[in-house]
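The next block holds one structure in the form of structure tokens; read it before the comments.
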């Protein structure tokens, strides 16, 4: 669901940037259906066309998809460099601290520390694509070596480019003049003699969105394929086309699902859903990394690790609730300080008392358990920055998934294991991906 929602959001953004490339307002490419509720009443046919086109490409061939992605990525990087150079050459450093409207908050942190974390929670979806690299473990020559290098290398490069892009954008315009849907195109369109840059930015951003869609839609289909092998969803999703060697059923189903959501769901609704989903998934992954490192089923007792994870999460939740809800003053800072000391003590005690059950041979998360614990805390803290409707929608989707799991998945996977249809190759394939992920 997280991938589907993020791809729907990205495809909606494609419409805005494509419109700026041709000098056409986004409203001219979308139309309103009055009978639908706000947030779900703006129909976007361009987003649907883009999603279906990408779906066709990834169904056709992984190799061809990679070639298309490499070409688009090269164009996208050229666009990024162009925007950074233009932003730093044309921008004004004063815009980093001065709003256009004097009545709005000013300074480098106009909304304080809470504003920084609210922003971090919203842009968290930008980091959803890196784990998609791990879904290609069966399709690369040396996954143990190539997958970690691909993930860590791309994260490092993109963080640098992302920060430079953000700085250039903030230098081009004061924060209260930045357009939410197509910020870079709009920034240049407001300056005389720079309208041509708007077209270039629109085209470049469109290429970037296409690369993002291709990678993410490749990843989501392979996730569904592996889940289908375990029978948690119908095995129909695990079918691989004999000629193209792609999970065609999973690709087509999720592509159509993405297109339906992109057709009518507003960008802000999608962004909030993706943010809370991504934060929750990363929170669960951080917990799973600790559990896999310290627990071997049948050989080590799981309760010390589970107790530690529960205590640390509870402490992080307490810190977040006090930060968000308590009025400023000495009692608040005392509780925050006590929670911090408690969390550090819990991690240190666990580190000293519970030995690691396995040490990865080639690649593993360093500084265990501190690194995943920092991830757990940050994910919980950022979850506290999201609004109530996001939790309601997330609760609905999570409840729906739990019902499917309880009434279908548990029984289907258990029956498959019992009658032998969940064969060794399926289990071996799942374990191979698990080894790479951990």
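Cβ atoms are placed via backbone N, Cα and C, with glycine included.
Worth saying up front: this structure is predicted, and the values here are computed from it rather than measured.
Taken from TrEMBL as is:
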DOMAIN    363-413  domain 'Cationic amino acid transporter C-terminal'
TRANSMEM  43-61  transmembrane segment
TRANSMEM  68-88  transmembrane segment
TRANSMEM  108-130  transmembrane segment
TRANSMEM  151-173  transmembrane segment
TRANSMEM  200-225  transmembrane segment
TRANSMEM  246-264  transmembrane segment
TRANSMEM  270-291  transmembrane segment
TRANSMEM  303-326  transmembrane segment
TRANSMEM  332-350  transmembrane segment
TRANSMEM  362-384  transmembrane segment
TRANSMEM  390-408  transmembrane segment
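Within the same chain, the transmembrane segment (200-225) stays apart from the transmembrane segment (390-408): fewer than three Cβ pairs sit under 8 Å, each pair at least 6 residues apart. Here the listed stretches are 43-61, 108-130, 151-173, 362-384, and the one with the most C-beta pairs under 8 angstroms to the transmembrane segment (68-88) is 151-173. Here the listed stretches are 43-61, 108-130, 246-264, 270-291, 332-350, and the one with the most C-beta pairs under 8 angstroms to the transmembrane segment (390-408) is 270-291. Sequence-distant neighbours of the transmembrane segment (303-326) (same chain, 6+ residues past either end, Cβ-Cβ under 8 Å): 287, 290-291, 294-295, 332, 335-336, 339-340, 342-343, 346-347, 350, 353-354, 369, 373, 376-377, 380-381, 383-385.
Here the transmembrane segment (270-291) sits apart from the transmembrane segment (43-61); fewer than 3 CB pairs are under 8 Å, leaving out pairs fewer than 6 apart in sequence. If one looks beyond the transmembrane segment (246-264) by at least 6 residues along the same chain, the residues whose Cβ comes under 8 Å of a Cβ in the stretch are 3-5, 7-9, 11-12, 33, 36, 40-45, 47-48, 51-52, 54-55, 58-62, 217, 220-222, 224-225, 228, 236-240, 270.
A contact links the transmembrane segment (362-384) to the transmembrane segment (108-130), because at least 3 Cβ pairs that are 6 or more residues apart lie under 8 A. Outside the transmembrane segment (43-61), and at least 6 residues removed from its termini, the chain residues within Cβ reach (under 8 Å) are 7-8, 11-12, 14-15, 18, 29-33, 68, 209-210, 213-214, 217-218, 221, 241, 244-246, 248, 251-252, 255-256, 258-259, 262-264.
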